Amino acid sequence: MAAASASSSLSLLPRTLNHHSSTPHPNRLALSGLTPKTQALRTRHGRRARATVRAAAVETLEKADTSLVEKSVNTIRFLSIDAVEKANSGHPGLPMGCAPMGHILYDEVMRYNPSNPYWFNRDRFVLSAGHGCMLQYALLHLAGYDSVKEEDLKSFRQWGSRTPGHPENFETPGVEVTTGPLGQGIANAVGLAAAEKHLAARYNKPDNEIVDHYTYVILGDGCQMEGISNEACSLAGHWGLGKLIAFYDDNHISIDGDTEIAFTESVDTRFEGLGWHVIWVKNGNTGYDEIRAAIKEAKAVKDKPTLIKVTTTIGYGSPNKANSYSVHGSALGAKEVDATRKNLGWPFEPFHVPEDVKKHWSRHIPDGAALEAEWNAKFAEYEKKYKEEAAELKSIITGELPAGWDKALPTYTPESAADATRNLSQQCLNALAKVLPGLLGGSADLASSNMTLLKMFGDFQKGTPEERNVRFGVREHGMGAICNGIALHSGLIPYCATFFVFTDYMRAAIRISALSEAGVIYVMTHDSIGLGEDGPTHQPIEHLASFRAMPNILMLRPADGNETAGAYKIAVLNRKRPSILALSRQKLPQLPGTSIEGVEKGGYAISDNSSGNKPDVILIGTGSELEIAAKAGDELRKEGKTVRVVSLVSWELFDEQSEAYKESVLPAAVTARVSIEAGSTFGWEKIVGTKGKAIGIDRFGASAPAGKIYKEFGLTVEAVIEAAKAV
């Protein structure tokens, strides 16, 4: 498997890449000095925050006159209306209400290059309220992104469309992260902003701030209600992410009706308590100067993220459906579309962009190219003065791994001391941190138990953002989504950790990792009933099976040191596919026959005394139970049996091997198979077949020391031998 590298083709869009590719998104930047290969590239009860305007200006492009702004805003509204109407599916209300703030952001404030959506130093935009995606598609279309042409708007929500029903980063260049499940986007935005702050702290110099961009996000009442937003925004305030600016679409409406029925807290007060600067724009419908002033104030606040509460009317302009839940999630209908056209004085046919609006927005293509060229020149100067830092930053941005990085991984022999794979994991992490400058991460308040501390670095904090140990606190869900943002920001390699059972608290974020091709490394310890006395609340049973059922994710359960090192090698290489490492609390021996190379195949034989690919029986184990299978194999061989013992560390990797290789490990003719794993037997019939036997646990666990509980649950050498004789 080759190390990750940047693509050289501007025409190669992320949606055309292999979903399991280890290469990063193309064209994250065009850097002078790079090789040609990498160069192409509402609350009603809220208090109005003090309107103290600080002395820093919003960097704006040439401001249009108000009439043209209104025309542009209505263009955004009607592109959204028309696309939803044509699809007869979608959410027109948010785009109609948020068009003014969207226009000002994309037309006057944000720095980006439509010709290279992956230019590194661009400002990032996240539509956390992803159901309103036609807002973003309309903005990308007007700004000149090739990914959203008129025909794409006309194919909104259709098969194969680059304008799907919620923003998807792997489908639409210009979309930074995949949003849809509410709250994920704002948490992703926290990760994007944290990545910017971290890289700026490490690489900026007094005479050259080479990392300097903002993260903007629009979120709605639904995002505010989801608990994940509070987890992530609490960390954003704690970390002082001054370049994170969130616009809260305060429109008082959710799917079930007015938010008065369920959501009456003071969002302003809550965010002030979380350490955010809060501003209230009372007229988000036509208050263009209010929105501009709020952004100016937000950018002047350097030590806090800012929440701009923008009070809007959902479905603004619709005479009969505005300010109602009926405009939230369905097309207006032909009659109401006509009424809205008349109400807003819009005489144009569907999908029409007036020439003066088109001309006004057309400047973003040359201006974006100029912004990138200016930054490339700035980087060239940086590279001359700071060669080492420039080379390191370049490797992070492009995702190119240092030559021979995997040689840093530790290896073990059967004579090496027995140890828990969580401890062996920490050895791997600390070895990799020395050779992978983009590796950073942490735990949900369990670092000393997950064994995830990078011993040579300090803590990523408000005052020390250059450090690489991230303290997430007890916020599993927010942690996962923040790591998605970090992974999708550039070539950073984030890892995060908790107990394996608590993946239940973060499953939605892990699923988005897989869907959006964010190569987060999930370090999950206490992987079985082997954790013992904590009991069934802490003992994962169904979790291995559930993640094996999830597309585009690697579920790895290493058995010892060599397999743990192999799991990390795979996880680092897979930058477009997340990995979960399930690691033991209890000590395990270093087994003969295990290897890093074997892990790369997903499944392989660690011992075999048969010939002709015809063993009498095949014993299959994962993780801590591989030792049990190996011991049972030894006993059966004493009785004259030919036995193959197989480590099936990753079902996904094994499935991807050639049919010839899979046959060499699990020959179809050998139906005498026994598997053993301290988890649900669900799915194992695929491996052992109808004539085989799967030993596992199909009930919740219990409190007892590890040895006792293994015996009581029948996870023993004797049970494997008995099953082997029966099959």
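Every residue gets a Cβ built from N, Cα and C, even glycine.
Because the structure is a prediction, the values reported are computed rather than measured.
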Where TrEMBL places region 'Disordered' among the ranges 15-48, 151-184: 15-48
Top Cα neighbour of Ile253 (Mg(2+) binding site) in the set of binding-site residues His131, Gly180, His328, Arg422, Phe502: His328
Among Asn251, Ser449, the most crowded of the binding-site residues [Cβ within 10 Å]: Asn251
His526 (substrate binding site) and His131 (thiamine diphosphate binding site), Cα-Cα, nearest whole angstrom: 37
Of Asp221, Asp534 (the binding-site residues), the residue whose Cβ has the fewest other Cβ atoms within 10 Å: Asp534
Residue, out of the binding-site residues His328, Arg422, His526, His538, whose Cβ gathers the largest set of other Cβ atoms within 10 Å: His526
Euclidean distance between Cα atoms of His538 (substrate binding site) and Pro181 (thiamine diphosphate binding site), Å: 27
